[in-house]
Structure formats: C-alpha cells, structure tokens
Amino acid sequence: MFYPDQFDVIIIGGGHAGTEAAMAAARMGRQTLLLTHNIDTLGQMSCNPAIGGIGKGHLVKEIDALGGLMAMATDQAGIQFRILNASKGPAVRATRAQADRVLYRQAVRTALENQPNLMIFQQPVEDLIVENDRVVGAVTKMGLKFRAKAVVLTVGTFLDGKIHIGLENYSGGRAGDPPSISLSQRLRELPLRVNRLKTGTPPRIDARTIDFSQLAPQLGDTPIPVFSFLGNASQHPEQMACHITYTNEKTHEVIRNNLDRSPMYAGIIEGIGPRYCPSIEDKVMRFADRNSHQIFLEPEGLTSNEIYPNGISTSLPFDVQMQIVRSMKGLENARIVRPGYAIEYDFFDPRDLKPTLESKYIQGLFFAGQINGTTGYEEAAAQGLLAGLNAGRFANDEDGWSPRRDEAYLGVLVDDLSTLGTKEPYRMFTSRAEYRLMLREDNADLRLTEMGRKLGLVDDARWAHFSQKIEQIEKERQRLRDIWVHPHSENVAEINAVLKAPLSKEANGEELLRRPEIDYRLLTTLPSFGPALTDPQAADQVEIQVKYEGYIARQQEEIEKQLRNENTLLPADLDYRQVSGLSNEVIAKLNDHKPNSIGQASRISGITPAAISILLVWLKKQGLLRRSA
C-alpha cells in the first residue's frame, strides 16, 4: 500500500549523513521523511567515540556555519576537548572532542524529534520506486510505499555488509544490525558503477580491568574549547582523561605469527581498507621498522566502562585479539567486552554524481556518506547536509548548490569525489585543499553562514549572532586603524617595552598588531588601545585578519585567476572524440569522467595543460565557450 501523505524529500538511513540531510531539508521547509531500520540508533557513533581532528574539525565547523547539527551535539556530549596543532598557524589548527556515545545519540535524536517538517519512521528500505529515470519514492520491508520528489541514500556500511572476525564471516550492517541486501541488489540494477570497500574497528575493553596507574594520562585543554559558533563550555558534561599505551615487540610477534588467520591477508576480504586508519596488522607489516605504535585509550562515556583502544583496529580472530590487548602495558589483565571486526560493503562510484551529490543518471536521487566511498563521521555529515539541501532544492524545482574548492572543505570533498572518484575510503585532510589559509576553522561562519541564510538553512538566532559578530569585527578593526602613536607620544615607553624594536615612526593599532611579538590581548592592555572585545571569537578574528592580511590578499589573487577556468563550463553531452588534437588517453579520461568545467577537467590525473589549451581553443571555435555566473 501507499502511505497516504506525499513527501518532498525521503532520507534513507539515520547515521551522521542521514540525520544532517533530514535536518537540512526540513529546515528549508520541505516535508521530509527519515526512514531508519531502528529509531534508537539515530546518530549512532559506530566506531570511535570522537568528533573532529585535522581536516575533520574544519568540516564540523562548516556544517555548523550552515546551520547543521554535529557541532552542537558534540558540545552537549563532549567529555574531552583539545585543539590540535595549537602551536601552528590558524589554517591547520583543528578542534577534536571525545564524546559520550549515549549523550551524543540523545542530542541528535532530541534535535530530530523537535524539528518541524520532519517525520521519522522505523522500517528498513528494500526498494526504490524509479519511473522514467527519475526516483519517485521508496518501498519498506513490510511493503509500505512512500512517494517523494527526491530521495537521499545515506546507508553507510549496510549495503550487502559482511562482517569478518578471523576466517569467519557473516552478513551485517555493523555489529548488532542486519545488512541491507535487497536494497543493495536493487541499486546494482541501476546504471551505476559499484565496488566494495572495507573498514574496521578495534575490540572494546572493560575499564575496570585496566591498570591506569601504569599509563600516562592525556587531559583536555584549559580553557575548554567549544565546537559550535553558538556553543559555550557550560553546555559540556563532566570532562574525562584519555590514557596512552604502546604496542611492543611482543604485540608485533603475535600479529606476525597469526597473519594466516587474518581475512585480509588470507585473501577473503576483497574490499580496500582506509589508508589513513589502517588495521594494527597492516601497520605492523607496512612499518616493519617500527618497534611500537602509540595507542590511545578513549572512554566511551560517563556511564560506561567501555574503553575504545584507538590504534588497534583488527579483524584477527578473538583469541589473537586477546593476546594483542594483553601484550600491552597496563592491559596485562584486560578483558574484551566486544570483539574487533572488519566490515566489507558496497559503495557507488562518486564520479557518477554531480557536485550537488545528485546522480547523473537517476533524477532526484542523491547519495551521501560511506556509500560515496568516504570514511568518517564528519565527511558523512558534511555530505549529508549538502545532499539534503540539494534534495530540498530539487523538490522545489530550484537549481542545486555546491561550494567551490576555495570556499569550503566541503567543496574540496565533493569536487575530489565527483571529479577523481576514489579507490579507497576517502578522508579529509587540510593538505587536500589548495587554499588552506582561506579555509580555516575560525572563519567557517564568515565563509558560509550568509549563503546558509540565503539557502534557508540558518535560523534567526544564528543569523543574529553572526551579524553581531561581523559588526564587532568591523568596528574593532576600524577602531584600531584610528588609534595612532608616534615616537614622542605620551606613554610610548610602555609600548616600546613590549616591542623588539622601539617605534621609529608613527603607527596605528593594526600596524602594531602585525608585529610578531604583539598579539591582540597584549595590544589591548597598552595605553590607548583598550578595552578588548569580550567575544573571544570576534577577538581572534580581528587578530588573524590583521596579521595574515597580506598572505590572504595574495591567496585571493590566486583564487581569482583559477576561477576563470573553474567557471568555464563544458557541455554535459560532449563526446571528446570530436575534439581534434587530444590524445586517446585524454579522450578516454574525459569521456569517462564527464567533467563539468575546465577547472574540474584540469584536476583529472593525466589531463595536461596542453590538453586544456586545446579544449579552450575548440570550445571558442565551436561557439561553446561560456562561463557560469
């Protein structure tokens, strides 16, 4: 039977991608349905109990700047917060938080259940309704049919998921959850390229059986950071310490002696695993010269005794897992409460997607998260927000939107996926972005919140907070520009006392702030330059904008040059065999990737500058040279 109501957008899956997609579509005013196999696992942290990190924290800030959920949920659930790379430049500083799994899940569910325009329904999805190459609905396991104008697939590792522990394996979406077999088979019938990937998780350890007295604690930062631009530390629950231990030669010997029982090394697992989050057996073999690896013992929550040993993801048999754990300092008597495992699952080639994450072949069908070949909560959530937003726009007959590479890490992420695809689980790093100085955590709201407001994602409270911050920054910078001191000014001795070289000519506040020995806090304690802004976000922004102004201006010039290529569009139906002068290799790659623009074409491996020049000349001769707005 058909459900009596029609929806604008259906989201299939309630993980990090699905929950952000559902919230985005509903915030835009679209009638949204979130279909999940289990309402109790909405927002579940399936692997490590942490949010953020290098590159990943940047994505979380961008999600927040666009009105998303992840940062606010982390502020309500975070039990340890740290700023990584704190001693380095602002471009690579990143926030990371340990999170209480239960509190995080509760925060996500509360937000979903209180979001207008959003209905949640518990049923696995087994089929899509596709008519004339356009998706128009979904069918659940009990045969109930839902109609919608757009559908977003955020099914994580559930598509034909297979769990491996040693040489044994069984079907599963993750530990304790069934796989999605019928939906996987249905999707394989569509004109989409599909392959297999693998990821894994470590065994969980009972904290009561760990001798923490032997281990070094790792504490959070003071003052405690926050994730959301609207957050404050008073929202955080009680804070906890992590602890550090190490593998050793005994650990490595156990692993080497049992490689024949590893499903990965025995050839049972076909999917490719994540390069930047390898299993412990992979680390031991790939880095044979290392006699130890650092392992972080991360608490799973305030009310849980489970410890997540970050760094020993494994699919070795349970008896070997016990030997590995008990070979490490402090864990000699440890008990495992959940075994580690690897999971193989289907993913679909993201080169078959537009930058909006809509399928090139099935209208109204959007993909987000691990189904696109990514790994990580943050990457999934960012894609979910974008897919939900664009599904909402599609349902309203509006053009899709996607940020450029110079506008957001989200732009880098979707451009990498839709242009280059991936053969291994893709994770975000700051090194993937060409314009890191522009894409900092601290300015994510300055880059994206205004656009989020135009798109209908940003509510009045966030907009008022953002507008006030912008006003504070502009007024404070003007105030500093208007305050001048010269070598003979009254109180100049106090200023010279903190300068490496005394004033030799007149200078204003911004010129003093550009000096490496002066920061904003110090400047505003000097005569005439106080008082300081009370909003730490606005104060940080003033300092960064002033100190890096020259570098930022140069990077902006580079961006403007690149945009000329980025905005030169390529016809979607162009057969590159028509373009004389291109090599057979270039023709094959362009016909395979079908890039949207000259800029996108230039990032495809093997596409040379000479090939780009030939393309530009051909487009001009054919009268096809046009640029997007």
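Along the chain as shown, the residues are counted starting at 1.
Cβ from N, Cα, C; glycine included.
In Swiss-Prot this protein carries:
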| type | residues | note |
| --- | --- | --- |
| BINDING | G13, G14, G15, H16, A17, G18, V125, S180, Q370 | FAD binding site |
| BINDING | 273-287 | NAD(+) binding site |
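Overlay of Swiss-Prot feature records on the structure.
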| residue | record | DSSP class |
| --- | --- | --- |
| G13 | FAD binding site | coil |
| V125 | FAD binding site | strand |
| G273 | NAD(+) binding site | coil |
| E281 | NAD(+) binding site | helix |
| F287 | NAD(+) binding site | coil |
| Q370 | FAD binding site | helix |
Taking the Cα atoms as reference points, how far is C277 (NAD(+) binding site) from V125 (FAD binding site) in Å?
30
When you rank G15, A17, Q370 by Cα distance to S279 (NAD(+) binding site), which of the binding-site residues ends up on top as the closest?
Q370
For the binding-site residues S279, Q370, which Cβ has the most other Cβ atoms within 10 Å, all shown protein chains included?
Q370
Drop a 10 Å sphere on every Cβ of the binding-site residues R275, K283 and tell me which sphere holds the fewest other Cβ atoms.
R275
In the structure shown, which of the binding-site residues A17, C277 has the fewest Cβ neighbours within 10 Å?
C277
Could you check which of these binding-site residues, G273, R275, M285, sit within 10 Å of Q370 (FAD binding site), going Cα to Cα?
none
Taking the Cβ of F287 (NAD(+) binding site) as the centre, how many other Cβ atoms fall within a 10 Å radius?
12
Using the alpha carbons only, what distance in Å do you get between M285 (NAD(+) binding site) and G15 (FAD binding site) once rounded?
33
Relative to the Cα of G13 (FAD binding site), which of the binding-site residues R275, E281, K283, F287 has the closest Cα?
R275
Please list, in sequence order, the residues in the chain of G273 (NAD(+) binding site) that are at least six apart in sequence and whose C-beta is under 8 Å away from its C-beta.
L197, K198, T199, G200, M264, S279, D282, A342, E424, P425
Among G13, G14, G15, H16, A17, G18, V125, S180, Q370, recorded FAD binders, what is the largest CA to CA distance in Å?
18
Compute the C-alpha separation of E281 (NAD(+) binding site) from V125 (FAD binding site), stating it in Å without decimals.
36
